[in-house]
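Since the structure comes first, as structure tokens, the remarks are kept for the end.
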Amino acid sequence: MAPCKPGSNPPKGRVSAAEGGARREATRRPPREAAAKRWCFTLNNPTEEEIKSLETWLVSDFHYAIVGKEVGEQGTPHLQGFVHLKQKKRLPQLKQLFKRAHWEKARGSDEDNEKYCSKEGNVLLTLGIPAKGNRSDLSEAVAAVKAGRAMTEVARDFSEIYVKYGRGLRDLKLLIGQQPRDFKTEVIVITGPPGCGKSRWAADYPGSKFYKMKGEWWDGYDHQEVVIIDDFYGWLPFCELLRVTDRYPHKVPVKGAFVEFTSRVIIVTSNSPPDAWYSEERCCVQALFRRINKWLVWNHDKFEDAPDCMKKYPINY
């Protein structure tokens, strides 16, 4: 077949280069919008269900987030929000937070957006810390420590900074970190025969956990919500156990320093009841019993509250 002459029509069934290019251009998918960490949104006429969903937002997902409730010039109530995510996300992923909201990539600094979203004073949510201008990673790590974040989180979010300045960040935490305890730590005792599931019950309890090993040191303690003292038979000094199970400020030793004890819950598992842990000739076991808030015992196939006949002294008073 002879080639087409310039200006002539292509053979039947063939498409000219120009026409093919036009078709490809028409059917080409629009480019995907680039992912970003910083977004702002507006949600008009928010429902109670949508407002309540803010309670499910996790601080671990954000460097900073703020949501304010406002009324527009036309009288339309709306939510005005800004998020600075830890991981870049595209618009479809953000729709999982608020499907009906109008989302745009944010302009200005975190502080600018903080002021804008809180201008009417009705702030429904704040998470994290707003980054200031062109703040360095070290400055952000320091701000995280000052805000009371756990050192494990600081190390995870600022790994390179932690490798370089970990000792300084830890020293800063010790100097200005956690506030002393001003609440009663809840004490849960679980007793029963070997293999009944005491350790599993403790491991399944919600919250971050620190397992206290036998010995003086609390190395690795970083203000976890729950402290587990597993398979206990009295190997902590009696006076130390009384202090950590109380409501007053107390510091525990780590190598080279002391840190505030601020855990909300202590779970003690043992094969023996609390009155068998220490000699009553030397220790006032009644003082320990009064600090116990809940005592569970194994009863054939489940854990139940210990009956009064097992309690040598009253608990939780």
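Glycine is no exception: its Cβ is also placed from the backbone N, Cα and C atoms.
Here Swiss-Prot flags GLU70, HIS78, GLU120 as divalent metal cation binding site. Taken from Swiss-Prot, the feature ATP binding site covers GLY192, PRO193, PRO194, GLY195, CYS196, GLY197, LYS198, SER199. Summarising the annotation, Swiss-Prot assigns compositional bias 'Basic and acidic residues' to 21-34. Per Swiss-Prot, the feature domain 'CRESS-DNA virus Rep endonuclease' maps to 33-130; the stated evidence is sequence analysis. Residues annotated as region 'Disordered' in Swiss-Prot: 1-34. For 5-40, 87-107, the entry in Swiss-Prot reads motif 'Nuclear localization signal', with the evidence type sequence analysis. Residues annotated as motif 'RCR-1' in Swiss-Prot: 40-43. Here Swiss-Prot flags 116-119 as motif 'RCR-3'.
The secondary structure of GLY197 (ATP binding site), as reduced to three states from DSSP, is coil rather than helix or strand. Comparing LYS198 (ATP binding site) with HIS78 (divalent metal cation binding site), their Cα atoms are 49 Å apart once rounded. GLU120 (divalent metal cation binding site) is 60 Å away from PRO193 (ATP binding site) when you measure Cα to Cα. Of all the binding-site residues listed here (GLU70, GLU120), it is GLU120 whose C-beta has the fewest other C-beta atoms within 10 angstroms. Each residue in the domain 'CRESS-DNA virus Rep endonuclease' (33-130) gets a DSSP state, and the totals come to 24 helix, 42 strand, 32 coil. Among the binding-site residues GLU70, HIS78, GLU120, not one has its Cα within 10 Å of the Cα of SER199 (ATP binding site). Note on LYS198 (ATP binding site): other Cβ atoms within 10 Å of its Cβ, all shown chains, come to 24. Taking each Cβ in turn and tallying the other Cβ atoms within 10 Å, the top scorer among the binding-site residues GLY192, PRO193, PRO194, GLY195, GLY197 is GLY192. Comparing CA positions across the binding-site residues GLY192, PRO194, GLY195, CYS196, GLY197, the one lying closest to GLU70 (divalent metal cation binding site) turns out to be GLY197. Under 8 Å, Cβ to Cβ, and six or more positions away along its own chain, CYS196 (ATP binding site) finds TRP298.
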